[in-house]
């Protein structure tokens, strides 16, 4: 295991935490990695992005329909927020909360505006995590620091 | 607008994909905690990522976990004779909601601890869920700090 690589990995993670992209829940995720599941973190995040992409598509479609079904939108966003929370995606979670407030107020414009932010944060985090996992793989470790696939 | 993104709407118990397990029989070799008794938990959450985390955490803390994606699947599992010491139940389930699921489970005579979970705390939701029969309402994320006290209580009472 390259010490420099590990250091860079740790610094990248610290940066993501300090900038508020991720919170302690991501650390919990990493602690669940073990020898039997050395790539648990990356696999869980991959699952999150695969599933959330479809959810976002559904929300997008719902926002485009008239009249807007705010109850259905809220239900969808509940699920999306739950998933985001479970991987520690703090900024995404915050935008979800704001969206849900607009939903409750049946504020279409607010929902549309906030949804743009949700998508932006979602995409931004995806890029950062892809870089993080790439670095982990290059160093011969998993995200949680286990010797995994390179 | 029904979203079937990561619902297990047909009630299938996922085995995870890419090697990810949502519980369902998997046991960690070296859990973070051990208990005097064998503890079994049922996770009921329609969001796959959440199921993975919730199952993973409980497994890491020495609990045998089953995970399903719908209230209907949970009821079916319990009706088939499976017993659990703890049920972790999401409020906003599709079709049969969390409160409806809790009510049905209690009507079946099941008295185990049920922890209701939701992505955000709302007094109205909490009251509704508690009235339906859960023991505690928790805001996600589902963390060891939240569930370990309940596991200790359950283990001491068995």
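Cβ coordinates are placed from backbone N, Cα and C, and glycine is handled just like the others.
Any TrEMBL annotation is an automated prediction that lacks curation.
Residues or ranges marked as region 'Disordered' in TrEMBL: B:1-29.
Among the features that TrEMBL reports, compositional bias 'Gly residues' is placed at B:13-22.
Feature annotation from TrEMBL assigns domain 'Response regulatory' to B:40-155. For the domain 'Response regulatory' (B:40-155), the DSSP-based tally of helix, strand and coil residues reads 53 helix, 25 strand, 38 coil.
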Predicted model, mean pLDDT over the domain 'Response regulatory' (B:40-155): 96
